[in-house]
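What Swiss-Prot records for this protein:
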MOD_RES   1  pyrrolidone carboxylic acid
DISULFID  3-17  disulfide bond
DOMAIN    4-41  domain 'Chitin-binding type-1'
DISULFID  7-37  disulfide bond
DISULFID  11-23  disulfide bond
DISULFID  16-30  disulfide bond
DISULFID  35-39  disulfide bond
């Protein structure tokens, strides 16, 4: 199950949910065009 299906806050604090459905940090997860939800961590 991907984090995208658990929006709006699917990830641990400080992480973002990417458009590919994984929680993580950095531009690949949090950046514009890459983030699905919880984009400020």
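If you go along the chain as it appears here, the first residue is 1 and each next one adds 1.
Placed from the backbone N, Cα and C atoms, the Cβ positions cover glycine too.
In the three-state DSSP scheme, residue 7 (disulfide bond) is classed as coil. For the disulfide-bonded residues 7, 16, 23, 30, 39, the ranking by surrounding Cβ atoms (within 10 Å, all protein chains) places 16 first.
Nearest neighbour of residue 23 (disulfide bond) by Cα distance, taken over the disulfide-bonded residues 7, 17, 30: 17. Residues belonging to the domain 'Chitin-binding type-1' (4-41) score a mean pLDDT of 97 in the model.
There are 27 other Cβ atoms within 10 Å of the Cβ belonging to residue 17 (disulfide bond).
Only 17, of the recorded positions 1, 17, 30, 35, have a C-alpha within 10 angstroms of the C-alpha of residue 7 (disulfide bond). Taking all protein chains in view, 22 other C-beta atoms sit within 10 angstroms of the C-beta of residue 3 (disulfide bond). DSSP gives residue 17 (disulfide bond) a strand state. DSSP gives residue 30 (disulfide bond) a helix state. If you take the CA of residue 39 (disulfide bond) and look 10 A around it, the recorded positions you hit from 1, 16, 17, 30 are 16, 17, 30. Separation of the C-alpha atoms of residue 16 (disulfide bond) and residue 3 (disulfide bond): 9 Å, rounded to the nearest whole number.
Distance noted between the C-alpha atoms of residue 30 (disulfide bond) and residue 11 (disulfide bond) is 12 Å.
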